[in-house]
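Data first, discussion second: the structure below is written as structure tokens.
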Amino acid sequence: MRVLPATLLVGAATAAAPPFQQILGLPKKSADTLAKPLHDLQEQLKTLSGEARHLWDEVASHFPNNMDHNPVFSLPKKHTRRPDSHWDHIVRGADVQSVWVAGASGEKEREIDGKLEAYDLRVKKTDPSALGIDPGVKQYTGYLDDNENDKHLFYWFFESRNDPKNDPVVLWLNGGPGCSSLTGLFLELGPSSINEKIKPIYNDFAWNSNASVIFLDQPVNVGYSYSGAAVSDTVAAGKDVYALLTLFFKQFPEYAKQDFHIAGESYAGHYIPVFASEILSHKKRNINLKSVLIGNGLTDGLTQYDYYRPMACGEGGYPAVLDESSCQSMDNALPRCKSMIESCYNTESSWICVPASIYCNNALLGPYQRTGQNVYDIRGKCEDSSNLCYKGMGYVSEYLNKREVREAVGAEVDGYESCNFDINRNFLFHGDWMKPYHRLVPGLLEQIPVLIYAGDADFICNWLGNKAWTEALEWPGQKEYAPLPLKDLVIEENEHKGKKIGQIKSHGNFTFMRLYGAGHMVPMDQPEASLEFFNRWLGGEWF
């Protein structure tokens, strides 16, 4: 069987994945490790229905030049685990689970829900002066360990610059799937960026200006995280996030009492509905979840894929990138694409969802990608294809690969990479890409506010598609929300008071924002506007 690389939604950006690695080039032991899953994949294909086999055959016939290699599976990252004596604190999940309290009826019950026995949290107070990143701000780094499954997730916590005793706590997630949230830290919204001299530069518009922020490298084998196993779908990753937050707030109860929010972008449009639902499913928890924020996310493919042609062909507020012939070819491909996504939604079967992802990405994203235009920002060309179009991403990777940086934060892997393409392919071949995670959003809206924001120059997760899926979503407030017009969003304070930074519509717990002049990474392109809406959202202005 031959398969095709999918388009990659990195947390901060999106690009075509590089060619697959030839498994014959791997060490013999690694090749043997891959043999069984590839054999199982071939065997499963033999059992498919005629319709499902036809979908796979059709994808191969439409894109013969790209269907060159079998999928690969992620290999363990080289690492050296630090001794327990290195860490200031180790929080044992088993200890948390052993705490019983009297319930409302007098019966004993666990103080905190969830299966946490296999998890530990390692914590180290990081010296800010060692790296020069936000000196004076309290920082913690460490790992969440799933000892049962050999998974180790890296996190980096920055306390609020303002009033950490009262300011909210935010978890930030980049996407991919398979891209490090440290990209968001140093390229977008963290306390420092990295310049061309590979030195940290203070960020005046950091999101920890009025909130404490946790940056989490997930799933495993992303960034500084590592494992001997692999995670290949969003649901599995959600269990780890719940464990991390539970143990972190157990160690630091002073933060647990604050409001907590989850924010992320791109493939976090998949992650966040699942992660938030996982948290809310535990009635006895120490996580004070108040809202979620999704920026330029992929959440409802069936609706969003309608809007690649309009965005590429001049209907999104920017000049057309494609000629009429290419626009027509995208129109011609759309009905088949939507039919395949509908089949994926109806079955949620990997054998249906995988070909839908491959066909639709190539038919509707391919024409744009072939122009060389930046898929994250319709206003310009891709400046550095080796770093997903952004030179700054290369600076971040070079910085995080420095030995002194890895030592300062307690990283245990031998090297850092911004995106792990094996993880991306694992999620793709598990069918995760097209699955209907938007169906979880109505359940969230019953309990917490949801913000969908989008930079209006992004192509890959464009504002047209994000606005459309929020309007198409079936929830009790749909009839009131959907027809609402967009209104001006302006800066309320400082010397730029009254400046228009975007548009907004909001009803009940649901809010959509269009941010002017920003691509896929809103905080990078429009830092002032980004911090403006972020602070006002956390302040509860729209809910």
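From the backbone N, Cα and C atoms, a Cβ is placed for every residue, glycine too.
If you check Swiss-Prot, you get these features:
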- Ser266: active site (ACT_SITE)
- Asp458: active site (ACT_SITE)
- His520: active site (ACT_SITE)
- Cys179-Cys419: disulfide bond (DISULFID)
- Cys313-Cys327: disulfide bond (DISULFID)
- Cys337-Cys360: disulfide bond (DISULFID)
- Cys344-Cys353: disulfide bond (DISULFID)
- Cys382-Cys389: disulfide bond (DISULFID)
- Asn210: N-linked glycosylation site (CARBOHYD)
- Asn509: N-linked glycosylation site (CARBOHYD)
- 1-17: signal peptide (SIGNAL)
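Sequence features, as recorded in Swiss-Prot, placed on the structure.
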residue	record	DSSP class
Cys327	disulfide bond	helix
Cys337	disulfide bond	helix
Cys344	disulfide bond	helix
Cys353	disulfide bond	helix
Cys360	disulfide bond	helix
Cys382	disulfide bond	coil
Cys389	disulfide bond	coil
Asp458	active site	coil
Asn509	N-linked glycosylation site	coil
His520	active site	coil
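Near Cys419 (disulfide bond), with the C-alpha within 10 Å of its C-alpha, lie none of the active-site residues Ser266, Asp458, His520.
The CA atom of Cys360 (disulfide bond) is located 41 Å away from the CA atom of Asn210 (N-linked glycosylation site).
A simple Cβ count within 10 Å picks out one of the recorded positions Ser266, Asn509 as the most packed, and that one is Ser266. Closest by Cα distance to Cys327 (disulfide bond), from the recorded positions Cys179, Cys337, Cys353, Cys382, Asp458, is Cys337. Ranking the disulfide-bonded residues Cys327, Cys353 by how many other Cβ atoms lie within 10 angstroms of each Cβ puts Cys327 at the bottom.
Taking the Cα of Cys344 (disulfide bond) as the reference point, the closest of the active-site residues Ser266, Asp458, His520 is Ser266. Around the Cβ of Cys337 (disulfide bond), the same chain contributes Tyr305, Ala356, Tyr359, Cys360, Ala363, Leu364, each under 8 angstroms and 6 or more positions distant in sequence. Restricting the recorded positions Cys179, Asn210, Ser266, Cys389, Asp458, Asn509 to those with a CA within 10 Å of the CA of His520 (active site) leaves Ser266, Asp458, listed by sequence position. Within 10 Å of the Cβ of Asn210 (N-linked glycosylation site) there are 20 other Cβ atoms, across all protein chains. Each of the disulfide-bonded residues Cys179, Cys313, Cys360, Cys389, Cys419 was scored by the number of other CB atoms within 10 Å of its CB, and the largest score is that of Cys179.
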